[in-house]
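One structure below.
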Amino acid sequence: NLYQFKNMIQCANRGSRHWLAYADYGCYCGWGGSGTPVDELDRCCKTHDDCYTEAGK
């Protein structure tokens, strides 16, 4: 959910940018996702997305 996304981003970037700046970041941060993550933060978003996919099964 959005609250978890906010907490994940704040933890990952140590407050260097506002969490909403990542709502459409890379390939996986924000709605949906596909392709190869562009960096560690994007990989973190992919892991989060994958977890939600598995939980929904």
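Just so it is clear, glycine is given a Cβ too, placed from its N, Cα and C backbone atoms.
Fair warning: this is a prediction, and the values are worked out from it, not measured in the lab.
Taken residue by residue with DSSP, H48 (active site) is part of a helix. Residues within less than 8 Å, Cβ to Cβ, of H48 (active site) and separated from it by at least 6 positions along the same chain comprise Q4, F5, M8, Y28. Per Swiss-Prot, the feature active site maps to H48.
The Cβ of G30 (Ca(2+) binding site) has 14 neighbouring Cβ atoms from other residues within 10 Å, across all protein chains displayed. Taken from Swiss-Prot, the feature Ca(2+) binding site applies to Y28, G30, G32, D49.
As annotated by Swiss-Prot, disulfide bond applies to C29-C45, with the evidence given as similarity to another entry. Within 10 Å of the C-beta of C29 (disulfide bond) we count 25 further C-beta atoms, all protein chains included. Under DSSP, C29 (disulfide bond) is assigned to a strand (E or B) in the three-state scheme.
G32 (Ca(2+) binding site) sits 10 Å from C45 (disulfide bond), taking the Cα positions as reference. Cα separation, C29 (disulfide bond) to D49 (Ca(2+) binding site), rounded: 9 Å. Cβ neighbour counts within 10 Å, taken over all protein chains shown, single out C45 as the most crowded of the recorded positions G32, C45, D49. Summary of the Ca(2+) site environment: with the site residues Y28, G30, G32, D49 set aside, the chain residues having Cβ atoms within 8 Å of the Cβ mean position are C27, C29, W31, G33, C45, K46.
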